[in-house]
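One structure below.
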């Protein structure tokens, strides 16, 4: 076996500590990027359906615009997530879910993360400007809400952090819509409304599952500050608002209405059942079911919106 001297060993250790491609991807929070790009695409398809009866042909004819829209949006979102990781370094190490991030372990220093975040965000904004200024403006609005209002301010100070932060998650369908027509149709705002109202029950259920982690990090999530009973009532209230909100797109047809009525009705039923649960572990189990159903609801809604628009 070849000998390894001290200098060689130091180099090997130093190289092993260098950030990998996976580390860069981790900081971009690709799960968030993918989910938001799905809604960007949905907004694009919905807007296209108002311009032509052959949406598939339109998508092909405008494939470059769609590409710049998706790429620009993805970079804006990824850059914002980099900035979120940079800002949250001081609390992420306290949470099991986030303590392994390169921003926490030291594999990437803060200055590099900050520079990359700003650079990626700027690049995405330029690409959206190539599409049109309205899409770019909404991209920046979403980034500002997520990075400044949510991450730097409300996440650390108030239980409404999830609600206000939801504005950033509701902006992507408007970006997609604006990429087709800068003059926004009322449906663009309804898509925004549905996405905005969907997020509180989704993230509050997640917060219930991760209550002790948030408590350890000093993040004032609703279940940490006010307990499970109030959080469950809030979840049910938001779902009750979501149900009629989703039906505002009644002109999408009977199939859309049936799908959303059944999904929303069942989710509300699940929520109401949870109000009767008093034992903590059972409440956490209920929260897990609510969280995963929220993902199913989101997926089914997007698929339905796209299919009825084609």
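Count begins at 1; order follows the chain as displayed.
Note that Cβ sites are derived from N, Cα and C of the backbone, with glycine treated the same way.
Your range for transmembrane segment, going by Swiss-Prot and the list 1-21, 64-84, is 64-84. Sequence-distant contacts of the transmembrane segment (37-57) (same chain, six or more residues past either end, CB-CB distance under 8 Å): 66, 69-70, 73-74, 77, 172-181, 185, 187-188, 191, 195, 302, 305-306, 309-310. When Cβ-Cβ distances under 8 Å to the transmembrane segment (257-277) are tallied for each of 64-84, 186-208, 290-310, the top count falls to 290-310. Residues 91-92, 94-95, 155-159, 161-162, 200-201, 204-205, 207-208, 268, 271-272, 274-275, 277, 280, 283, 290 of the same chain, all 6+ positions outside the transmembrane segment (215-237), place their C-beta atoms under 8 angstroms from a C-beta of that stretch. By the Cβ criterion (distance under 8 Å, sequence gap of 6 or more), the transmembrane segment (64-84) is not counted as touching the transmembrane segment (186-208), fewer than 3 such pairs being found. Within the chain, the transmembrane segment (159-181) has long-range Cβ neighbours (under 8 A, six or more residues past its boundaries) at 36-37, 39-48, 50-51, 62, 65-66, 69, 73, 77, 80, 128, 131-132, 134-135, 138-139, 141-143, 145-146, 149-150, 187-189, 191-193, 195-196, 199-200, 203-204, 207, 219-222, 225-226.
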